[in-house]
Amino acid sequence: MASGFKKPSAASTGQKRKVAPKPELTEDQKQEVREAFDLFDVDGSGTIDAKELKVAMRALGFEPRKEEMKKMISEVDREGTGKISFNDFLAVMTQKMSEKDTKEEILKAFRLFDDDETGKISFKNLKRVANELGENLTDEELQEMIDEADRDGDGEVNEEEFLRIMKKTSLY
């Protein structure tokens, strides 16, 4: 039985929820996605099948893994028809393309830290960037930052570790 009691929303309880901006594609990117979709929609039905999804994604420069494909298909093909509409394909590709942009932005930041091009961020690299940014951090605080991100215990932060920590902290 439904009652008149309404669960308080995050807004009404004074809590702030972080809402990520909805990824958007440029008109050129949308056109590129449309062309890839149309290439595989040979019968002009407005749908492609699940197998063609992977090929269409490859045509756009993505190499989805098997588990990733299964997850995407289950998300867009809720009725289990094996057919994917252009709008569903566009939604998947918008997400994928924004993730790719994010990764590229994070790696750009990584290269700014890694000025000696060792492929790793050392304590010295981190200290230099902190000083350039005018951050007054102690050596202990800087070392804690390295230790937090350093998974393989080599005392430095490689690209993979940097990507992980940046995504974990939701800075990107």
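Note that the numbers count up from 1, one per residue, in the order the chain is shown.
Every residue gets a Cβ built from N, Cα and C, even glycine.
The model shown is predicted, which means the values in this text are computed figures rather than measured ones.
What Swiss-Prot records for this protein:
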type    : residues                     : note
REGION  : 1-31                         : region 'Disordered'
DOMAIN  : 28-63                        : domain 'EF-hand 1'
BINDING : D41, D43, S45, T47, E52      : Ca(2+) 1 binding site
DOMAIN  : 64-99                        : domain 'EF-hand 2'
DOMAIN  : 101-136                      : domain 'EF-hand 3'
DOMAIN  : 137-172                      : domain 'EF-hand 4'
BINDING : D150, D152, D154, E156, E161 : Ca(2+) 2 binding site
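Remote same-chain partners of the domain 'EF-hand 2' (64-99), defined as residues 6 or more beyond its termini with a Cβ less than 8 Å from a stretch Cβ, comprise 23-25, 29-30, 33-34, 37, 41, 45-50, 53-54, 56-57. Nonlocal intrachain contacts for the domain 'EF-hand 1' (28-63), taken as residues 6+ away from its ends with a CB within less than 8 angstroms of a stretch CB, comprise 69, 72-73, 77, 82-86, 89-90, 92-94, 96-97, 100. Comparing Cα positions, E52 (Ca(2+) 1 binding site) lies closest to E161 out of the binding-site residues D150, E156, E161. T47 (Ca(2+) 1 binding site) has E161 as its nearest neighbour among the binding-site residues D150, D152, D154, E156, E161, going by CA to CA distance.
T47 (Ca(2+) 1 binding site) falls within a strand when secondary structure is assigned with DSSP. Comparing CA positions across the binding-site residues D41, D43, S45, the one lying closest to D154 (Ca(2+) 2 binding site) turns out to be D41. Note on proximity: of the binding-site residues D41, D43, S45, the one nearest D152 (Ca(2+) 2 binding site) is D41, by Cα distance.
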